[in-house]
């Protein structure tokens with residue numbers, strides 16, 4: 001049976017990737033259908049009840065800058081907010097929020113149900129409709145066919161998912177949800193290269209059985225209270241609560257070692273590779289054998305539940321071992337587990353076989369986003385989902401894809417890393433992955449991406465108005481700083497001397513003062529109304545802090561940012577220099593066999609991508625350029 005209506009875009013999956021994909025496509029005016037096996041679980045935080053962190057917070061800000069939902073939903077559901085790396089430079093500062101699971105799901109569902117052009121349907125998708133090498137639609141478990149111009153697949157850990165607790169295992173996409181076995185088999189039939197990965201989650205603990213009096217309290221930031229969205233305000237936050245810190249000990253480690261003979265990871269039952277940067281407690285004990293303690297964060301799961309998430313003891317050990325290891329931790333001696341920890345193994349598909357639009361090369365009109373591409377984390381999934389939704393929508397409208405560059409966004413870094421290098425383990429974003437991170441800060445994601453989002457039809461009138469007011473205010477305040485001069489004989493020179501700790505030797509403007517070490521924008525504005533009489537910083541919109549941060553950072557780091565801009569411009573040539581799709585690299589004279597094999601395997605689309613493949617040297621790129629300029633790189637089809 002075929003559904004009576006055809007769609008522009010169908011999104012399969014209602015997790016963080018799927019919800020952002022569906023919202024993006026619908027905001028662009030595409031008739032969009034989101035199919036999920038459970039409407040109640042739309043936007044569910046399946047593992048850690050938190051959003052953001054180093055690199056991850058940058059992605060959330062970028063999603064928000066383009067009108068996405070994750071940041072705004074977090075502001076409505078966050079029960080603790082912190083700025084990580086607050087004492088370090090602006091490039092690596094990152095927002096993190098502890099979330100209330102119930103409030104977050106409600107915030108996401110509300111946005112989905114009230115988004116024009118977006119329909120929801122509850123069903124499991126078992127099959128894809130493919131004609132030739134183009135996707136036509138999907139088929140649900142009950143045999144109902146939905147037709148669409150484009151399909152975005154965001155299946156998370158559900159593709160042939162298998163849950164492990166000790167040596168027991170069973171099919172499942174996550175605890176309580178079925179695996180997508182038929183859909184995974186169908187994708188394998190289409191000859192899409194795949195592999196297996198693994199992730200895990202810790203046991204959940206009844207907070208009434210935790211002794212917090214012997215733990216270290218970890219409160220959120222209070223002055224100021226952070227927000228995630230550029231349109232967010234602290235007043236939107238629900239009640240704020242602390243997290244708590246404890247540690248494992250030698251007894252804990254002995255218990256874990258004693259259970260390794262029943263660990264699915266250490267007995268070969270699990271074949272999938274787990275995340276390097278979020279290892280299980282078994283992995284920590286094995287890899288860091290010399291350490292006698294590991295930090296554990298007790299994180300509340302919400303305001304209306306007693307459950308706590310013990311961040312740091314993800315495990316797939318048998319339940320009896322989990323019980324013992326939890327009770328060996330200080331403050332958890334009487335703890336009661338309400339949900340056991342487990343590992344989940346699932347299929348992913350090699351992202352090197354995707355285009356930068358996240359469309360599969362093998363099947364036209366089919367887009368992949370999220371853990372299906374080998375990533376880990378809500379934020380990485382949401383960023384890919386938004387990009388896939390954008391490009392599916394653009395393709396449905398007959399328009400060119402939007403391909404974010406590494407130099408303009410962490411989204412661009414994420415996608416380029418996946419497609420150029422592939423994954424051997426679940427991919428997690430860090431600021432260290434971005435070579436231009438000083439230009440890709442949390443504070444300026446809107447300056448980088450909101451205008452692009454507006455052009456794509458993603459940014460509504462209100463967000464655009466707020467952005468324009470902020471942009472104008474930053475420009476106006478920066479100009480004002482340049483226009484105000486202070487000299488050794490100026491009436492407020494003594495105040496400047498006190499501020500600097502030394503006398504002024506020559507006349508300078510306020511931007512020069514602000515560039516001095518230890519001098520802040522706040523200190524400059526406090527010099528006195530006689531030289532500084534700023535207009536309102538749009539505090540009616542809650543923008544004052546954003547504007548002052550932008551002004552201070554852009555002034556203090558101007559020289560570094562300008563040098564980075566020159567470097568970016570220099571790299572643009574390689575980045576956009578196209579490589580013929582059918583180029584046989586074994587015919588390029590002078591390239592080593594290793595480089596030839598890697599280039600033929602990865603099939604980079606541009607010279608810039610080729611240069612980021614491990615083992616491809618600048619000398620190899622020069623040989624490739626010579627080859628192309630001689631015309632030898634043209635394929636039969638392009639001649």
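Backbone N, Cα and C atoms are what each Cβ position is placed from, and that goes for glycine too.
Secondary structure at residue 16 (FAD binding site), as computed by DSSP, is helix. The FAD binding site annotation in Swiss-Prot covers 13, 14, 15, 16, 17, 18, and the record cites sequence analysis as its basis.
According to Swiss-Prot, the feature NAD(+) binding site maps to 274-288. Classification of residue 288 (NAD(+) binding site) by DSSP places it in coil, neither helical nor stranded.
Of the recorded residues, residue 284 (NAD(+) binding site) and residue 15 (FAD binding site) place their C-alpha atoms 29 Å from one another. The Cβ neighbour count for residue 286 (NAD(+) binding site), using a 10 Å radius over every protein chain in view, is 16. Among the listed binding-site residues, namely 276, 284, the Cβ with the most fellow Cβ atoms inside 10 Å is that of 284. Applying an 8 A CB threshold to same-chain residues 6+ apart, the list for residue 18 (FAD binding site) reads 11, 12, 34, 36, 152, 154, 369, 370, 385.
Taking the binding-site residues 13, 14, 15, 274 in turn, the residue surrounded by the fewest other Cβ atoms inside 10 Å of its Cβ turns out to be 274. Highlighted in sequence order, 11, 19, 20, 21, 36, 43, 154, 156, 370, 381, 385 have their Cβ within 8 Å of the centre of the Cβ atoms of 13, 14, 15, 16, 17, 18, the residues recorded for FAD, and are not part of that set. Sequence-distant contacts of residue 288 (NAD(+) binding site), defined by Cβ-Cβ distance under 8 angstroms and a gap of at least six in the same chain, are 294. Listed in sequence order, the residues of the same chain lying 6 or more apart from residue 17 (FAD binding site) and placing their CB within less than 8 Å of its CB are 154, 156, 369, 370, 371, 381, 382, 384, 385, 388.
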